[in-house]
Amino acid sequence: MWVLNNTSAQPLTFLLTGIPGLRAAKIWVSIPVCLLYAGALSGNSMILFVVLREQSLHEPMYYFLSMLSATDLSLSLCTLSTTLGVFWFEAREINLNACVAQMFFLHGFTFMESGVLLAMAFDRFVAICDPLRYTTILTNARIAQIGMSMLTRNVAVMLPVVLVVKRLSFCSSMVLSHSYCYHVDLIQLSCTDNRINSILGLFALFSTTGFDCPCILLSYVLIIRSVLSITSIEGRQKAFNTCISHISAVAIFYIPLISLSLVHRYGHSAPPFVHTIMANIFLLIPPVLNPIIYSVKTKQIQKAVIKVLIQKRLQI
């Protein structure tokens with residue numbers, strides 16, 4: 001076995017993987033993947049466009065929704081080139097620097113989405129539990145501060161992870177399990193001690209999604225308690241309806257994320273295609289479904305989208 005380290009003159013090259021066992025049918029597999037990417041890019045772009053364009057949507061709830069769409073859009077873009085390259089053009093090679101950069105943005109935007117979902121939970125908590133102070137608590141300045149704090153947190157937790165990965169040495173096996181660079185997948189190829197990498201990865205995970213998820217659950221415990229104190233059944237239903245879209249977004253984000261983490265760390269005996277399917281579900285399902293959920297369940301977004309589409313048709 002020979003060892004490659006990052007001090008050698010020739011840059012390290014890794015091989016990305018499509019779906020193991022389905023190489024002969026890669027074109028047919030790539031079609032739905034391509035459609036999912038198209039849906040994610042177009043849907044989130046539309047949400048961003050209508051929120052920025054429509055003055056009636058310039059409210060805290062929709063500002064946070066635009067943050068979610070921008071994060072989903074960025075998450076899709078950072079893996080678009082390698083995923084479609086693998087499926088369409090058999091372009092499997094990626095050097096270490098490009099791999100580490102993609103890993104940084106992939107995990108950074110994933111943690112960003114977790115933070116945005118927490119901010120949206122806080123928005124729903126204030127709107128339902130303290131509606132009279134809603135506009136004074138969630139001012140534009142405070143929303144900007146929340147966004148900047150999430151961005152700063154993500155950069156702070158990901159930089160050490162990236163720097164330590166650059167110090168690893170790799171053995172003769174350079175084949176990654178996915179069509180993009182995933183931290184746990186990358187460090188498992190190292191033939192040197194990767195315990196520090198694993199610890200830093202877990203710290204990054206628990207200090208972001210591991211913190212955000214319990215806070216979201218706590219916010220909904222308080223929301224449910226507040227809603228149950230409403231005497232009117234109609235009032236309860238109206239309050240719960242304002243949370244359905246956000247609850248759906250939380251579910252389609254955290255369930256695949258937790259499942260993928262568990263499969264990578266404890267599912268070593270699982271077939272390779274299970275890892276790949278879970279990875280693609282985690283990557284594509286939230287960006288595709290979030291715009292659909294908010295367009296269907298939020299009347300203001302629905303009306304704004306219809307208005308924009310009608311105006312475009314009239315211009316044509």
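Even glycines carry a Cβ here, placed using N, Cα and C.
Here is what TrEMBL says about this protein:
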{"type": "DOMAIN", "residues": "43-294", "note": "domain 'G-protein coupled receptors family 1 profile'"}
{"type": "TRANSMEM", "residues": "27-52", "note": "transmembrane segment"}
{"type": "TRANSMEM", "residues": "64-89", "note": "transmembrane segment"}
{"type": "TRANSMEM", "residues": "101-122", "note": "transmembrane segment"}
{"type": "TRANSMEM", "residues": "143-165", "note": "transmembrane segment"}
{"type": "TRANSMEM", "residues": "199-223", "note": "transmembrane segment"}
{"type": "TRANSMEM", "residues": "244-267", "note": "transmembrane segment"}
{"type": "TRANSMEM", "residues": "273-293", "note": "transmembrane segment"}
Residue numbers, six or more beyond the limits of the transmembrane segment (64-89), whose CB comes under 8 Å of its CB atoms: 16-18, 26-27, 29-30, 33-34, 37, 40-41, 44-45, 47-48, 51-52, 102, 105-106, 109-110, 112-113, 116-117, 119-120, 123, 143, 147, 179-181, 249, 283-284, 286-287, 290-291, 294, 301
Chain residues outside the transmembrane segment (244-267) and at least six past its termini with a C-beta under 8 angstroms from it: 68, 110, 113-114, 117, 120-121, 124, 182, 184-185, 205, 209, 213, 216, 220, 274-275, 278-279, 281-282, 285-286, 289-290, 293-294, 297-298
Within-chain partners of the transmembrane segment (199-223) [C-beta distance under 8 Å, separation at least 6 from its ends]: 107, 110-111, 114-115, 117-118, 121-122, 124-125, 128-129, 153-154, 157-158, 160-161, 164, 183-184, 187, 239, 243, 247, 250, 254, 257, 261
Segment confidence, the domain 'G-protein coupled receptors family 1 profile' (43-294), expressed as mean pLDDT: 89
